[in-house]
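Read through the structure below, which is laid out as structure tokens, and then see the notes.
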Amino acid sequence: MDFHSCLYDIAERLGNEELAALKFLCLDHIPQKKQESINDVLVLFQRLQEEGMLEEDNLSFLKELLFHISRRDLLSRVLKSSPEEMVRELQVLGKAQVSAYRVMLFKLSEDMDKEDLKSFKFLLITEIPKCKLQDNSSLLDIFVEMEKRTILAENNLVTLKSICFRVNRSLLGRIDDYERSSTERRMSTEGGEELPVSVLDEVTIKMQDMWDSPGEQESESLNSDNVYQMKSKPRGYCLIFNNNNFSKAREDIPKLSNMRDRKGTNYDEEALSKTFKELHFEIVSFSDCTASQIHEVLVSYQSKDHKGKDCFICCILSHGDKGIVYGTDGKEASIYELTSYFTGSKCPSLAGKPKIFFIQACQGNNFQKAVPVPDETGLEQEHVLEEDSSSYKNYIPDEADFLLGMATVKNCVSYRDPTRGTWYIQSLCQSLRERCPRGEDILSILTGVNYDVSNKDNPRNMGKQMPQPIFTLRKKLFFPPN
């Protein structure tokens with residue numbers, strides 16, 4: 001097979017995703033500007049020939065590219081090279097033509113799943129314009145944008161490491177391997193020159209800035225002073241109030257005559273039960289409770305001895321309005337009163353321990369609409385944020401160690417799919433199952449839930465939904481899976 005037939009044969013067997021991977025791996029040889037007109041593999045091969053990277057008597061760079069994108073079939077069948085030969089060749093100092101840095105980034109993109117990618121994009125919102133972080137943007141696209149803005153480079157992995165630390169800590173292993181091998185290569189070529197100061201301290205500080213309040217300049221180690229203990233088994237009680245049948249409310253209260261049953265709520269109960277059981281909580285479920293029954297149950301758990309437990313969780317799935325949830329009888333139960341049963345004075349055995357409430361209920365009748373997000377933060381946005389945060393001051397006690405996860409902001413509706421469950425609870429459970437094993441804290445997880453739910457649209461009225469976490473936690477809260 002002649003040279004051009006060989007290239008044509010390879011190009012015919014490579015898809016669009018593989019073309020994107022090849023272009024990324026070639027960035028050190030073909031700059032981004034010159035790559036803009038490359039829309040198929042044959043054009044890429046032409047550019048490589050122009051740059052002297054691809055010649056009839058020298059196919060080493062092409063072999064290396066196919067090796068890195070795991071097209072071993074083309075490597076062996078068309079180019080007559082085995083993966084073992086490539087491994088041996090690339091171990092020879094100076095033989096590799098694709099930088100270890102770029103290979104590391106490419107492999108990182110292969111390691112990251114869709115949920116990781118979604119979180120990665122969210123954490124870059126302040127660094128990269130939202131138009132560059134659309135759903136169809138791949139991680140390779142984002143790496144290119146990060147490089148353009150000088151927040152990612154061969155000698156600058158601080159932002160990358162800090163985000164990977166939050167999204168999925170297992171990703172750090174590949175970066176650490178790259179840094180270690182890079183150091184070894186540098187020492188071997190520079191005769192043992194003294195190593196530069198590690199960037200680890202800078203990474204730690206950056207991660208701390210992302211987690212804590214502005215102005216803190218020193219990282220903290222994770223210990224009992226800044227992390228809630230979560231070792232007991234069971235961790236604590238997880239109460240689930242699942243209200244579905246509102247026929248009594250329709251009969252007894254005229255203004256609620258149009259209140260519907262909550263079809264699909266059982267999917268939420270199942271998801272919550274499964275999720276928190278996996279996280280070692282003792283699940284106790286209650287179906288179709290009146291307002292007084294909800295109060296009675298919480299009073300009974302207020303009086304229980306929680307000394308051997310590290311946490312308390314209460315989930316309420318019901319209809320609601322501003323500051324209240326409805327019992328199935330249509331009577332109102334104040335969210336503030338429900339959470340206040342577990343203050344330190346009323347429930348001493350839970351003092352200093354996290355008390356968590358997840359409320360899936362509307363908080364009004366307004367529909368949230370999509371609005372453009374400006375690239376720059378302004379005074380108006382700060383004002384809105386201030387109002388949003390202050391409007392919830394009476395939902396939880398003025399006391400430490402409470403977390404309230406609301407499905408929606410004040411005055412607005414939340415959405416439930418009769419065949420799948422609610423947007424909020426389903427996203428919450430999926431995020432907890434995926435991210436707790438990675439060592440993420442609850443506030444990071446809830447931030448991801450906000451991002452996920454806020455990107456959904458109600459097809460009937462294009463309504464949006466924005467969950468609202470409210471908390472007085474003093475420490476980081478993790479739910480270890482073991």
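Including glycine, each Cβ sits where the backbone N, Cα and C put it.
Summarising the annotation, Swiss-Prot assigns active site to His319 (among others) and lists similarity to another entry as the type of evidence. Using a 10 Å radius centred on the Cβ of His319 (active site) and all shown protein chains, the other Cβ atoms total 21.
Marked as active site by Swiss-Prot on the basis of similarity to another entry: Cys362 (among others).
Marked as domain 'DED 1' by Swiss-Prot: 2-80.
Residues belonging to the domain 'DED 2' (100-177) score a mean pLDDT of 91 in the model. What Swiss-Prot lists as domain 'DED 2' is 100-177, and the listing cites sequence analysis.
Taken from Swiss-Prot, the feature phosphoserine covers Ser188 (among others), and the record attributes it to similarity to another entry.
Positions annotated as phosphoserine by Swiss-Prot, on the basis of similarity to another entry: Ser213 (among others).
Cβ neighbours within 10 Å of Tyr336 (phosphotyrosine), excluding its own Cβ and spanning all shown chains: 16. If you look up Swiss-Prot, you'll see Tyr336 marked as phosphotyrosine, on the strength of similarity to another entry.
Residues or ranges marked as phosphoserine in Swiss-Prot (evidence: similarity to another entry): Ser390 (among others).
Cα of Tyr336 (phosphotyrosine) to Cα of His319 (active site): a span of 16 Å.
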